[in-house]
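Peer 1: Provided herewith is a single structure, encoded as structure tokens, for subsequent inquiry.
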Amino acid sequence: WALGALGFRQPWAALHLDFSGTTDVVFPLCFVLQEGRCLYVILLMALYWCTEALPLYFLDTNFLFLSGLIMASAIEEWNLHRRIALRVLMCVGVQPARLILGMMLTTSFLSMWLSNTASTAMMLPIANAILKSLFGEKDTSKDMSRENEETQAPLQQNKLYTVPTEMQFLASTEDKDLADEKEITSDTLSDLKKEEEYKTNIWKGFLISIPYAASIGGTATLTGTAPNLILLGQLKSYFPECDVVNFGSWFMFAFPLMLIFLLMGWLWISILYGGINLRGWRTKKSNLRVDAEARAREVIKEDYQKLGPTKFAEQAIFFLFCMFAIMLFSRDPKFIPGWASLFAPGFISDAVTGITIVIILFFFPSQKPSLRWWFDFKAPNTETQPLLTWRKAQETVPWNIILLLGGGFAMAKGCEESGLSVWIGGRLHPLEGVPPPVAVILITIVIALFTEFASNTATIIIFLPVLAELAIRLKVNPLYLMIPGTIGCSYAFMLPVSTPPNSIAFSSGHLMVKDMVRTGLLMNLMGVLLLSLAMNTWAKSIFQLGTFPAWANIHAENTTSILPAVENVTLSALNKI
């Protein structure tokens with residue numbers, strides 16, 4: 001392209017390359033359009049690689065996230081997640097409230113280790129199978145369809161679909177001739193309407209609980225969601241001396257918060273959508289509901305039996321998964337010496353631990369190895385498939401998220417080096433007179449509202465540098481503001497566009513925007529209040545939030561030298577204007 005712009009139209013051209021002024025090499029090349037573009041890209045990339053003009057911002061935080069993604073790929077490869085989900089549902093029972101609790105517990109547990117989007121995508125098919133066994137999926141009688149025309153019209157305009165009900169199952173199983181002859185009285189029709197409203201709400205409660213549980217569960221571990229890792233990466237960039245945040249300390253803080261929020265969210269969803277009826281605890285169940293619950297129990301049991309006996313690969317994956325979690329948690333739990341104290345300081349990190357366990361997946365056999373060839377030299381030397389192949393990892397690991405993390409770290413470093421975050425922090429004078437506990441609530445509310453319309457990753461990249469500088473101005477521990485800002489990014493419950501899990505659940509066609517807004521508004525409020533409670537209670541002892549740490553003092557001394565320079569540049573620019 002470059003030679004063509006200079007007027008070269010002949011098929012043979014001479015390309016002169018000057019390497020540091022020492023040699024002059026002439027390459028005769030057959031330049032046509034495609035080959036010329038390819039060579040231009042190759043030379044450009046070689047120039048970038050040799051000069052490192054654009055360095056790859058790949059921190060050990062990216063490797064920690066990558067290890068979690070690869071572990072998730074292995075779990076999906078051998079259907080271990082489905083076995084865990086069905087087993088939990090078999091244990092909790094088949095009543096609607098219990099099934100919603102089982103769905104939320106399973107989804108949140110998977111989301112602690114897998115991505116929120118993957119956890120939601122895994123659980124929705126299981127939920128749909130249970131719902132279809134409860135309510136069926138065929139059309140009801142014509143009378144019922146006429147009475148619901150007004151409801152169905154706006155749904156069809158929004159490209160949503162009506163919700164199957166338990167009566168549809170009955171309509172599909174009863175004798176059609178007898179159904180036509182039977183007259184439906186007004187009392188029966190009224191009961192049918194109430195029953196359909198109940199089942200419609202149950203369906204909505206099932207579907208809406210899964211993405212909410214995924215968002216809540218992702219906050220419990222550092223690898224659960226991207227904002228948590230961005231916090232870790234920016235802490236290492238802004239405050240290199242900060243060592244209080246690691247996998248173990250974060251888990252001790254976030255896991256109790258996740259459990260409390262999950263329980264309160266379950267109560268709210270169950271009460272709102274009929275799973276728990278506060279006025280009818282002792283009301284006797286109808287035969288319809290008893291039969292529907294029995295069918296749901298059979299569907300769960302049948303799906304579990306289809307998985308067959310536990311395979312050797314599943315056992316190996318589960319063992320390595322437990323080792324993955326235990327080693328990350330016990331590396332440096334802070335309240336007791338971890339196993340990392342056996343090595344030189346700074347030699348072992350969470351990323352080293354995660355990658356070490358994950359590497360085993362690529363050579364550990366997926367079938368039980370036989371020692372026959374040790375004793376029989378004539379035994380066939382057959383190749384054994386590993387637990388995870390690199391081809392499978394390439395196909396399933398979302399590499400774009402890793403690049404997104406690196407870009408976020410680079411942007412944060414640019415804000416720090418240029419002084420932009422210092423300048424923005426200096427403009428937040430009104431918040432300097434606000435008590436720190438009130439500032440935590442205000443910050444969480446603002447970020448939770450902002451992330452309803454923007455991605456969680458973009459939101460945390462924008463806000464973290466500002467929160468760090470604001471904390472230094474308030475003379476409080478930076479973690480006191482940065483942690484609630486990070487977790488607040490995951491509290492996006494009100495809109496389908498807020499997070500991919502919400503979008504996946506909404507695309508099922510059984511939820512409307514008003515359902516998410518009505519449910520998510522109180523979820524956001526509960527999240528803000530619970531997060532404020534956690535930051536002012538057990539988080540203070542875990543992260544030592546009661547004092548202004550020395551590692552923040554070092555950064556504050558560096559920023560005071562940057563701030564006058566930034567202000568001088570700004571004033572000179574204003575004078576020119």
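All residue numbers here begin at 1 and follow the chain in the order shown.
Cβ atoms here come from the backbone N, Cα and C positions, even for glycine.
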Peer 1: Labelled transmembrane segment by TrEMBL, one stretch among 35-54, 95-114. Can you tell me which?
Peer 2: 95-114
Peer 1: For the transmembrane segment (206-230), what are the same-chain contacts with Cβ under 8 Å, counting residues 6+ beyond its ends?
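Peer 2: Contacts of the transmembrane segment (206-230) (Cβ under 8 Å, skipping residues fewer than 6 from its ends): 61-62, 64-65, 67-68, 96, 99-100, 103-105, 107-113, 115-117, 119-120, 123-124, 127, 130-131, 246-247, 250-251, 254-255, 257-258, 261-262, 265-266, 269, 273, 350, 354, 401, 404-405, 408-409, 412, 456-457, 459-461, 464, 486-487, 489-493, 499, 501-502, 504-505, 508, 510-511, 515-516, 519-520, 523.
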Peer 1: Apart from its near flanks, which chain residues at least 6 from the ends of the transmembrane segment (342-364) lie with a Cβ under 8 angstroms of it?
Peer 2: 60-64, 66-68, 70-71, 74, 222-223, 246-247, 316-317, 320, 323-324, 327-328, 331, 386-390
Peer 1: Checking distant contacts: for the transmembrane segment (250-276), what same-chain residues at least six beyond its ends satisfy Cβ-Cβ under 8 A?
Peer 2: 95-97, 100-101, 104-105, 108, 198, 201-202, 204-205, 208-209, 212-213, 216-217, 219-222, 228, 329, 333, 335, 483, 487, 518-519, 522-523, 526-527, 530-531, 534, 538-539, 542-543
